[in-house]
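**Q** Below you will find the structure I want to go over with you.
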Amino acid sequence: MSAMSTSANLPEPEHSGLFKFLSAAFYAVSSFLIIVVNKTILTNYRFPSYMFLGIGQMTTTILILYFAKMNQTVHFQDFDRSILVKIFPLPLLYVGNHITGLASTKKLSLPMFTVLRKFTILMTMIMEARLLRKTFPNHLIYSVLAIVFGALVAASSDLAFDAEGYTFILLNDVFTAASGVYTKKKLGTEGLGKYGILFYNAFIIVIPALLASAFTGDLHKAITFEHWLNAPFVSCFLISCLMGFVLMYSIVLCSHYNSALTTTVVGAIKNVAVAYIGMFLGGDYLFSWTNFLGLNICISGGLVYSYLTFHSSSKPSQSDESGIQGNQDQLIIPVMEDSIDRLPVK
């Protein structure tokens, strides 16, 4: 037991800037694609069950990693009672993040979805400060506040206000921030690693989620959905299931190479593209100048934040007495990824 805790407290190895950048880019692209696919399924096809879609994504994750483990392509600890202790509370945070994320995707337009997701950055900063004793420079705090202010301006004139949708998205922000912090911590747990976290999260959750879906009648609605013989819909559903695995893997990978706040910022940058594309392709964006102004304030704050973090990380650390070259940190948007003990999502 002591050996286990000792290994978890060892300093993380330095990762190359290229790995940091590529893992962040992989996460950004994966996150963007799954939002578009899920939006198509839940809004365009009017699929009635976001919970069933989540169950499909978790089942896909379990099957892929199980067969990969059987073929010795990946390695992680076999299941025993210690797994529950090692991975808690990640499964609860994972299912909360998954369900509220899918629910808010269905209830909100793409631009408003991405705007309200900006609160995840503020929540991640708060959680890192409270739980991990992190400190942040004032200019980074101001840029985050600008992002939140822009989100408030945009949301204040949301012509398609949906109280349930707003509740889901704010809960999703909390779950995402908490998942990021705890995922980073669990990556250092002996026997789990990236693949163990992905597999046991899905494995522990999928049966309770399926029972809950059946109890609420959600499962019946999904099974009797009229488009199951529609090839385009089935293709989108299968793609979403596969992308669910890809997204979760990209989050864990990005968290492995970067800090929690870095992963959150990557998600915010990705949202810049989603917000503007959603104005033209989403079909559910209602234009107003106040809303549009808020979107641009939010995006500007995100770009300033990205510039400040990238610019500061591109400079060699003056306090680096170990002789490690500063360019090891410079290719990602890391805020203070040195000792961040938390993860990504998303």
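From the backbone N, Cα and C atoms, a Cβ is placed for every residue, glycine too.
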**Q** What range among 287-308, 309-330 does TrEMBL record as transmembrane segment?
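**A** Within the set 287-308, 309-330, TrEMBL attaches transmembrane segment to 287-308.
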**Q** Tell me, roughly as an integer, the mean pLDDT over the domain 'Sugar phosphate transporter' (24-306).
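**A** Here the mean pLDDT over the domain 'Sugar phosphate transporter' (24-306) amounts to 81.
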**Q** May I ask whether the transmembrane segment (79-96) has at least three C-beta pairs under 8 Å with the transmembrane segment (195-216), counting pairs 6 or more apart in sequence?
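**A** Between the transmembrane segment (195-216) and the transmembrane segment (79-96), contact is present.
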**Q** Where, among 47-67, 79-96, 139-159, 228-253, 287-308, do we find the most CB pairs under 8 A to the transmembrane segment (21-41)?
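**A** Out of the listed stretches, 228-253 contacts the transmembrane segment (21-41) most.
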**Q** Does the transmembrane segment (165-183) come near the transmembrane segment (287-308), with 3+ Cβ pairs under 8 Å (pairs 6 or more apart)?
**A** no
**Q** Which stretch from 47-67, 79-96, 228-253, 287-308 shares the most C-beta pairs under 8 Å with the transmembrane segment (139-159)?
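**A** Most contacts with the transmembrane segment (139-159): 287-308.
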